[in-house]
Amino acid sequence: MEIGQFDNLFQYASQLADLALNVGFVLGPLIGYVAQYQLIKSQKSVGSFSTDVCAILLFANLLRIVFWYEKRFESALLYQSVLMIMMQVELLRLCLTIKNKSVYKNKPVSFFDSPFNKFWRWTQLNSYIACLITFLIFVLISSYLNLGNPQYWEIIGFLSCAIEATLGLPQAIKNHTSKSVKGLSYTMIGSWFLGDAFKTFYFIVKNQPAQFVMCGVIQLSVDIWIMLQIAVFSSKKGDLAEI
């Protein structure tokens, strides 16, 4: 094989590897939430799953999309954010549908009536959508007024990563409070760990903003905490692993 042909082959293989990396990065994080969605749907119970996870991902990804306007980081991160928002809205809709048949029965709570007192404990999906739209409008107006302020955009990037870095905390706290992991998809938790490890590696290799790397490291630490909870509570309570 001639040197020119070898170089072309190497370049083609490199492009395929880069494409696979980007596709995996966009779709990989969704796998765990699809598994949790299927588990909730089949059991007709939210179980130990915390809907605060949806809140964290929705707010963090909305900020990331706004942050992209200024920083223009890898497009794969942008596509991931769009798909993740769609996934979390659907997961939230399913949780509300099930809770309205049991937990929230005859106890309607609206964002328009209790925007702060009952924050993220509303009973209708339109309340959550209204909250997200209000938040996005506020951020867009603030961003427009700070177009020439680099410090502002660094704060937006930091907030996006800081919020996402707390992703596992509501779940870990709920597990600790209930001393149970019943109804929690172990596939989702496993995907968190593998996804966060892959994501941190991706951020480093792609030389992404330092905020993203810090976010990945913190999330990995919380993932390990939750996996330890699974090991302790599943054996103590006799809960079976939920795929």
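Positions of Cβ are set from backbone N, Cα and C atoms, glycine also.
Taken verbatim from TrEMBL:
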| type | residues | note |
| --- | --- | --- |
| TRANSMEM | 12-34 | transmembrane segment |
| TRANSMEM | 46-69 | transmembrane segment |
| TRANSMEM | 75-96 | transmembrane segment |
| TRANSMEM | 125-145 | transmembrane segment |
| TRANSMEM | 184-205 | transmembrane segment |
| TRANSMEM | 211-233 | transmembrane segment |
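Between the transmembrane segment (125-145) and the transmembrane segment (46-69) there are at least 3 Cβ pairs closer than 8 Å, counting only pairs 6 or more residues apart in sequence, which means the two stretches are in contact. Among residues of the same chain six or more beyond the transmembrane segment (12-34), those with a C-beta under 8 A of the stretch's C-beta atoms are 74-77, 79-80, 83-84, 87-88, 91, 185, 187-192, 194-195, 198-199, 202. Same-chain residues lying 6+ beyond the ends of the transmembrane segment (211-233) with a Cβ under 8 Å from its Cβ atoms: 73, 157-158, 160-162, 164-169, 171-172, 175-176, 179-181, 184, 186, 189, 192-193, 196-197, 199-200, 203-204, 239, 241.
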